[in-house]
Ligand code: ADE
């Protein structure tokens, strides 16, 4: 009997499972989800609450504002998700958090190449530190700003991965060529009409000379990267330094 192919799967632990699939149910990701190229499982953390009020949070030890997600409830939710999964052992466990390691395209590529992550969405003031350590959650940030919860950040992680899965994008070349694949921002694109409010398409793009067009695009991409992202440009100028590399996770549980 042929071995069953288990698709890439994102398991999301959230207090708002009704938010999913949300935007991931539309466009390319949504079509791929519907056709079984990947799978999405949203699990309600509250299902792991044990008291009769189904409470998941409590006041912070030491005082202060807000509420903290309880370690016992979240650990039970993670364990339940793992025991229900086909391949829990090699699955990365992520915690969406503004204090996490910044998400990069190379990390996305790693996640897309694996079985698919378990993603914990934080809410309230935070999560009890002990469950982060005990269940070896890797904290991921999608940028230096604070969202009201991890769900929107989880959409970003999943979307970035799903578009790299085989069969999801129309044309394989378009995934590789764009921003960040070569450490450069994307060159400008044009299409019809030839004249838009007096602005015309750069002559060279209409020349049919593919070598010249490629050189022009490369120069534009480099100029944009220098002007807008000196950090990316500097990393590119020092090729011996690892580019967009993620340091090893040193958290010990
Ligand atoms: N949760 C709240 N803000 C976040 C951010 N910037 N990245 C990831 N998760 C978050």
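Even glycines carry a Cβ here, placed using N, Cα and C.
Whatever TrEMBL says is automated annotation, not expert-curated.
Among the features that TrEMBL reports, S-adenosyl-L-methionine binding site is placed at 122, 142, 143, 144, 145, 146, 147. Spatially close to residue 142 (S-adenosyl-L-methionine binding site) yet at least six residues away along the chain are 96, 102, 103, 153, 156, 157, judged by Cβ distances under 8 angstroms.
The compositional bias 'Basic residues' annotation in TrEMBL covers 243-253.
Here the domain 'tRNA methyltransferase TRMD/TRM10-type' (10-234) has a mean pLDDT of 94 out of 100. The domain 'tRNA methyltransferase TRMD/TRM10-type' annotation in TrEMBL covers 10-234.
The region 'Disordered' annotation in TrEMBL covers 228-253.
Most Cβ neighbours within 10 Å among the binding-site residues 146, 147: this distinction goes to 147. Here the binding residues for S-adenosyl-L-methionine are 122, 142, 143, 144, 145, 146, 147. Their largest Cα to Cα distance works out to 16 Å. With a cut-off of 6 Å between Cβ and the nearest atom of ligand 1, the binding-site residues 142, 143, 144, 146, 147 reduce to 142, 143, 146, 147.
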